[in-house]
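Visitor: Got these off TrEMBL a minute ago, pasting:
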type: DOMAIN; residues: 41-103; note: domain 'TRAM'
type: BINDING; residues: Gln299, Tyr353, Glu374, Asp423; note: S-adenosyl-L-methionine binding site
type: ACT_SITE; residues: Cys450; note: active site, nucleophile
type: ACT_SITE; residues: Cys450; note: active site
Amino acid sequence: MKRSKKVKKMTKKDIDEVLMHDIVELRGHNHWDWDPKTPPPFQNFEELEVTIGSLAQSGEGLALLPERGDGWVVVVPFVVPGEKVKARVYRHNWGYSHADLVEVIQPAESRLAEDDILCKYFGKCAGCQLQHISYADQMKFKRQVVENAFKNYASKYFASLPAVDPVSQSPIQSQYRTKITPHFEALNPKHQSAGVSQPVQIGFMQAGKRRILDIEECPIATPIVNEGMKTMRAEVQKNIASYKKGATMLLRESNPITSETESSDPPTSTKICVTNHKETITEWVGKFRFDYPAGSFFQNNNAILPSLIGYVQHQLHLPLSSATATQPNGSSAASSDASTHLNKEIQYLVDAYCGSGLFAITCHEGFKKVLGVEISAASISCATNNLVLNKLSTDTTAFHLDDADKIFAHIDFPASETALIIDPPRKGCSDEFLDQMVAFLPARVVYVSCNVQSQARDLQGLLDRCAAKGLPGYKVEAIRGFDLFPQTRHVEGVMTLTRL
């Protein structure tokens, strides 16, 4: 969903700010006071032998050089803490430099053997950052990413927050992506006119470079998507001379309904790969069917969605008067059957960024009324259609076309009986949204985010606003990561709040 124009987007500058927090922690003193005029202590393309001290939230390694430039830091991808590596510097920034990994001189014991790494392109392709470490270590890393986000961006309230729960694992760690978007560039016209043979590069961006890496298959994409990639590559190579410009291709898995499989249960028909942005995708999340345009947003790891939805359902229905319920093993309960823990105190549900209706439809059980809000007319039409496809009553569940910044102007639900789901874009919530949220004060909030840094920032903004108005505010019941993108640095954050 689009946000207010007043909201500053998360840009390259913001990403560097996240990295700077990690550098400050490694250096042990205030890196923000660094003189930006200080020249780097080495030249571009100089090769260095460095020891990796820690991993940044980007998944890159950080090496501190205390004897160079008052503690210059070198950022190196595809490494493990404790390793001694050779790195080639290619870009300098404010007290640190980026470098390519040239060689692992002394590998860490935890580094996976080459034969255990999923992808032959790993280390060259920019798509994955963590294939060289075990899945258990990936989960530890992502839990730390979530914790660091709240420590750095909700620092005023960090001491009062609950411990971050272990990250919920994806049931599969490869062949999970139902959508990929490879790129290619057009042939150089000067070379064409000179009759020079040019290889066609079709794939993803190279790590640390602005060039496309030719990729025949992607191990984290589903088998049907990889089959589609083979067909797409052949078509592009055959017709490359007809392209005046390069392009980004779409490959998305769909599970279309046939007369033999159409029923209330998920179909078992053969999956297909869709390449037309306007074509309709059919996807099943548990017992629920979702149709949406191939070019629109929908989560790309279907395997973990039942777990994510079950957890959100459970958190929505937590008793308002008690802390997070836990399973015997200490993890938050995440039953996919919301009927086992319905909360009679909360009767209404608002989905503030409803898209095609994922949360509003899957979490409708137990609420008198459900309202989804979206700024996109196409998304509202899609969500309404999905409501019908799933045979849900339009009397109890509805979708409203509007900007999320104006959402609370149309809600006539009693705040003390209302739960709110927030699933905003990467940049998070606008100031206007948070202002209206504080004015409304829903009893329960479940905030789902693909960017835990903006999620933590929004928590601090929300609690600051409550304090400024003399309101008790919210208690954070739980913070948990979900691994929607195994082998990469990305982690989905889910935060549960209860009004005090």
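Cβ from N, Cα, C; glycine included.
Bear in mind that TrEMBL entries carry predicted annotations, made automatically and left uncurated.
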Visitor: Distance between Tyr353 (S-adenosyl-L-methionine binding site) and the residue listed as 'active site, nucleophile' at the Cα atoms, whole Å?
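Guide: Cα of Tyr353 (S-adenosyl-L-methionine binding site) to Cα of the residue listed as 'active site, nucleophile' measures 13 Å after rounding.
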Visitor: Could you check the binding-site residues Glu374, Asp423 and say which one's CB has the most other CB atoms within 10 Å?
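Guide: In terms of Cβ crowding, the pick is Glu374.
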Visitor: Reduced to three states, what secondary structure does DSSP give Gln299 (S-adenosyl-L-methionine binding site)?
Guide: coil
Visitor: For the residue listed as 'active site, nucleophile', which residues in the same chain are close in space, meaning a Cβ under 8 Å from its Cβ, but six or more apart along the sequence?
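Guide: Set apart from the residue listed as 'active site, nucleophile' by at least 6 residues yet with Cβ under 8 Å, we have Arg426, Leu484, His490, Glu492, Gly493.
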Visitor: Helix, strand, coil residue numbers for the domain 'TRAM' (41-103) per DSSP?
Guide: 0 helix, 34 strand, 29 coil
Visitor: By a 10 A CB contact count over all chains shown, which of the binding-site residues listed here is most packed: Gln299, Tyr353?
Guide: Tyr353
Visitor: In which DSSP state, out of helix, strand and coil, do we find Glu374 (S-adenosyl-L-methionine binding site)?
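Guide: DSSP call for Glu374 (S-adenosyl-L-methionine binding site): strand.
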Visitor: Which whole number of Å gives the largest C-alpha distance between any two of Gln299, Tyr353, Glu374, Asp423, the residues noted as binding S-adenosyl-L-methionine?
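Guide: So the binding residues stretch over 17 Å, Cα to Cα.
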